[in-house]
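**Q** Pasting in a structure now, in structure tokens, and then I'll have a few things to ask.
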Protein chains: 2
Amino acid sequence: MQPIALLFALLCFEAKADDGYRLWLKYDPLQDASKRASYSKSINSVYASQESSTISAAVEELQMGLKGLLGKNITLVKSMDSKRGNIVLKIENNEKLSEEGYRIFSQNGNFYISSKSEKGLLYGSYEFLRQVQTLQDLSKINIESNPKIKLRLLNHWDNPNGTIERGYAGASLWKWHELPYVIDPRYKDYARANASIGINGTVLNNVNASARFMTAEYLEKVEALAKVFRPYQIKVFLSVRFSAPRNVGGLPTADPLDPQVRQWWKDKAKEIYSIIPDFGGFVVKANSEGEPGPQDYNRTHVDGANMLAEALEPFNGIVMWRAFVYKADPNGDRTKEAYYEFKPFDGQFHKNVIVQVKNGPLDFQPREPFHPLFGAMPQTPLMMEFQLTQEYLGFATHLVYEAPMFKEVLDADTYAKGKGSTVAKVIDGSLHNYRFSAICGVANTGSDRNWTGHPIGQVNWYTLGRLAWDYSLSSEQIAEEWIKMTLTTQPKAVATIKDMMLKSREVMVNYMTPLGLHHLMGEGIHYGPQPWLDKSGRPDWTSTYYHRADTIGLGFNRSATGSNAVGLYAPEIQAVWGSEENCPLEFLLWFHHVRWDKKLPTGKSLWDELCFRYYGGAEEVKKMQEQWIPIKPFIDKEIFTDVLGRLQIQHREAVWWRDACVLYFQTFSKKPIPEPLEKPKTTLEELKKLVLIYQMR
Amino acid sequence: MQPIALLFALLCFEAKADDGYRLWLKYDPLQDASKRASYSKSINSVYASQESSTISAAVEELQMGLKGLLGKNITLVKSMDSKRGNIVLKIENNEKLSEEGYRIFSQNGNFYISSKSEKGLLYGSYEFLRQVQTLQDLSKINIESNPKIKLRLLNHWDNPNGTIERGYAGASLWKWHELPYVIDPRYKDYARANASIGINGTVLNNVNASARFMTAEYLEKVEALAKVFRPYQIKVFLSVRFSAPRNVGGLPTADPLDPQVRQWWKDKAKEIYSIIPDFGGFVVKANSEGEPGPQDYNRTHVDGANMLAEALEPFNGIVMWRAFVYKADPNGDRTKEAYYEFKPFDGQFHKNVIVQVKNGPLDFQPREPFHPLFGAMPQTPLMMEFQLTQEYLGFATHLVYEAPMFKEVLDADTYAKGKGSTVAKVIDGSLHNYRFSAICGVANTGSDRNWTGHPIGQVNWYTLGRLAWDYSLSSEQIAEEWIKMTLTTQPKAVATIKDMMLKSREVMVNYMTPLGLHHLMGEGIHYGPQPWLDKSGRPDWTSTYYHRADTIGLGFNRSATGSNAVGLYAPEIQAVWGSEENCPLEFLLWFHHVRWDKKLPTGKSLWDELCFRYYGGAEEVKKMQEQWIPIKPFIDKEIFTDVLGRLQIQHREAVWWRDACVLYFQTFSKKPIPEPLEKPKTTLEELKKLVLIYQMR
């Protein structure tokens, strides 16, 4: 064997297994030979009408991607020598396009990617590659696309010591001790992945923020990352600690009305922008779960947010002020508190403030109704905070495709301006003519080689970007394109994986918290079932606060006869959710305390329905394992084995959830587990011990 | 381009940069064409006289390694068809070999790797590969090798939540939530790397142990790892929490003399061995830094260790009981305490107990004298605990080759039985005829792609294995073989890198803690200089406790006129270290409080010498950067760039250390920084703020 052939052979040997690092930008040779031939024939070179670092990034990606997919060198030409087979990147005016939008079309044997700006060329180039990756017909391609939401962000809950709050895929991507001099090649791949799905901003650090990010020492490190992200049109943002003027500024107070404090933030903003000219802005978690905030000085959220907003305004920075606040009140209802705390401030926030609201009023549960603030603050831009990382969704060992969960909320109707006033229209700004629109996802990324722990967890990152760009995309469509780009294009395998993904969220709801149950997870780490948890640091961190099980029934009465949280929604919604009879089963126990023997529309009693859902959920995971096995020939072996192992764990944990919840609630219902369901093999006592193991230091 | 060629091309494109994952088992084609041709000619196939999973592992490694290095398929033959060109793995008696030893020799055109057991065949196979990787002459190969130390271990300070105490290379390798069903392919590569350097055991969890490892839930996960490691002859060990009988056993006490407690541990041992038949044993950190232990019940270390030892004895398990204990006493001397606490117990420990002693009496400082317990417990096996992870050595951004540090301690003479009673002879068991011999290194591994953060940090892992096998290897020899296997065989590049490595530890000592200074690192995280630290959770966690700077001089008087810690050593040593005049400069301030104007043998005053060392250390890092740059053509680009960046940070931090220490000590010496050294550009006040940034949450 000759040395050079040998080298190839070796590398092939090593590269055989797919470790998932390349995400959906895999660019392996297309398996469909006729498609590959057809694409190859029609694409020879790329031509860009202008130069910039972003256009270079787009060209580089097209070259790398097409070389991989088609096995062909796509040359960058300085002029359109050849009359056909060019990909032409062209900046031109087009009234139908927003600044980031693009048009892709074919004309006279060339493909045009056009936009008003380099941004659209970048996004259009990734779209072009996606068309090839998913085997679309390019001959009559004609796509016009504008993002529906302007700021499309990841929020990293990454701590400066390298840990990630609620992260299940290794350590932080950001190596703060190595920055600014060591630039991990991964930073660029992170930027590519984000750009490919339209994400245009990243909040680098945990909302439980370290003040150290407000020092020159760290801003230099932040700029080193910003520099890598810049060609990919990704702005950096930072979470700020409200007390930073005290922590690192040497001031005696952080009172937002104190002139010195206000000046400190103004100077700090100036300093930041002198280092990072395109800095995006701040995210703030204030007076929430022990974080400092304006209320420490008897000031309001408005006082705090506006002070920061005024400091950032000269530089076009924005403040994302989180609405995730709640006080410990054993007799209250945590799901109402953000509404009461924020709604009165509607219209009082400075023009570059956006209030960041989680999808539901509690905290990233498997299912929640949409947050009542959506539709309730017409004069204050609200943005959506989704959670990609599976804090309450089984960590990185449960296969959960989140698009249906996100879509459920985006499509929900607030009735704020009559029928059709969906949450999506609130956050895209169209319903209330907001000045801003934004959406963010709490990242599920970490330093694990495959980024997200669960190989299929990658799709949730992908989904956030795709939905933020265009929330009208269906869950099915997003799943299908992701599968084809990432796992396989073999039609049966695509169909099977898609089926597994599409049902996965409902399956999880069933084995964890069916019928509107919520917050039954293990204390602190939110792992495993602990519905019996009745003491914790705060009453609203227990499970019993939420499920209210007693000998009569189950569920939190949030109807007019209870906490009346339902009263925070529009009358049209109250009429449905507020009535035990009309309430959809998925929210039943969220809004109502329901008798164990109450006959549900399914024909079963509450108790029986509960049992069948828990058992059904666990059984479905078993079925997913069975579905996965025949896929083996069509996907990479390493990914196949990894997912199979995770499905085994998921099944074990689904049974754990089922048994724990059924046995525990049975102590109240006093009813037998209905036939033909088999009784759990473990005892409640054993299960109570099991969850404690995972809570030990 | 044809599809198949294309595939190769693509993979090559991607595999071009070396991410360091393969460690020293790189197996890239040998660059030396004549050597490669000569090896290729003489090696055709491999033949094993017996079958076992370990022999299969050895064969697989030989095939994979030689295929890479030589570009040739080495077939496994069932009989020695061909009369020449075989590698023969043969189990046979040989009185000169211990169970793990091997002999490699050539005879009649075949290479023989022989051993009394499959273990030796495994180690011999890796040695054979190393010979090829480092371009040795095989024609007259004749190597006979036995490990000098029986247990050669890594200690992982990995927590079950995935964090690593004092880890600087990402998250834990062990994915506890994914185990036992998801087997990360990395586990096998971890085992291969260890086996290749003779490491035969691994302690999976932090010595600050979680009791959860004593549950069936976790033992099943541990066995899943043990199963991967088994063919590579790596036993798993666990750190145990002394209070486990209370934490997970439901007992009211963990008193080692309580019959129920003793029975609980016996039952637990039986359970462990029923799940993991080749389980290695326990490591225990007891009554140290707040960990539970026998003293909680007014019992002794002997009571605690012997209870566990008796439980493990029926299964041949061992207890490694750590001697790292110290009490908070502002008027005491922490470096004496372990000696006083353990020496009285000499001879009282059960026969399967080994006392695990850190190399020095303090805590993994850049330089410490050897621990006075070595040589002081002739009737109790003592083992060595080195720290590979750079807790006090600049984390993963400082290039520090630790072999010279380890060798310095191993070669130190205790005089316990007269001249030549080296520490190495204590821990290999030969000096006192110990029943066991063991050495461990606190691992510097993590989930970072390159395992150790700093690419050159890999060598410290490599060193531990190689020195544990044969501590007579020189630092130079180990460096040279590691460089050739890992970075380059180009002679000038090898020489330069070796030079950088060999001096690196002394350079670090100079810019951090020259002349015997110690423990000046930032509070808690041990990062950056904080010599002014005078308040902490305990007096012996401050810096001032250790350096004792005053207007008269600098250093901790541990001579007979001071704490007399020097009195714990042999008289021969006392005569040298105990005298300010005789004491080698590297230990001067460890043992003496020396006047600022004291004239040292270098001709300089203490103050001037101190300044020149700090400045010299920082300057040397600058020189290392300059040395590194010309290496570029000879090593992988990604590794080159990474190391270059780290050298930049190291220089920045070396200057930080220099300036902080010189300016701070100047407040006592009141002397100018000697010419021609330039005054620091920063102020002491600025430097005091800087270290605090890195200590913020």
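Yeah, the Cβs are placed from backbone N, Cα and C, and that goes for glycine too.
Note that the coordinates shown come from a computational prediction; the quantities given were computed from them, not determined experimentally.
In case it's useful when we look at the structure, here is the feature table from TrEMBL:
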ACT_SITE  A:GLU289  active site, proton donor
ACT_SITE  A:ASP363  active site, proton acceptor
ACT_SITE  A:GLU391  active site, proton acceptor
DOMAIN    A:23-128  domain 'Alpha glucuronidase N-terminal'
DOMAIN    A:132-451  domain 'Glycosyl hydrolase family 67 catalytic'
DOMAIN    A:452-675  domain 'Glycosyl hydrolase family 67 C-terminal'
**Q** At the Cα level, what's the spacing in Å between A:GLU391 (active site, proton acceptor) and A:ASP363 (active site, proton acceptor), rounded?
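**A** Rounded to the nearest whole number, the Cα-Cα distance is 10 Å.
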**Q** May I have the DSSP-based helix, strand and coil counts for the residues of the domain 'Alpha glucuronidase N-terminal' (A:23-128)?
**A** 39 helix, 25 strand, 42 coil
**Q** Give me the count of other Cβ atoms within 10 A of the Cβ belonging to A:GLU391 (active site, proton acceptor).
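**A** Around the Cβ of A:GLU391 (active site, proton acceptor), 22 other Cβ atoms lie within 10 Å.
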**Q** What same-chain residues, at least 6 away in sequence, bring their CB to under 8 Å of the CB of the residue listed as 'active site, proton donor'?
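**A** Set apart from the residue listed as 'active site, proton donor' by at least 6 residues yet with Cβ under 8 Å, we have A:ASN208.
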**Q** Looking at the domain 'Glycosyl hydrolase family 67 catalytic' (A:132-451) alone, can you tell me the average pLDDT?
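**A** On average, pLDDT over the domain 'Glycosyl hydrolase family 67 catalytic' (A:132-451) sits at 97.
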**Q** Once the DSSP letters are reduced so that anything not helix or strand counts as coil, what is A:ASP363 (active site, proton acceptor)?
**A** coil
**Q** What's the number of neighbouring CB atoms sitting within 10 A of the CB on A:ASP363 (active site, proton acceptor)?
**A** 19
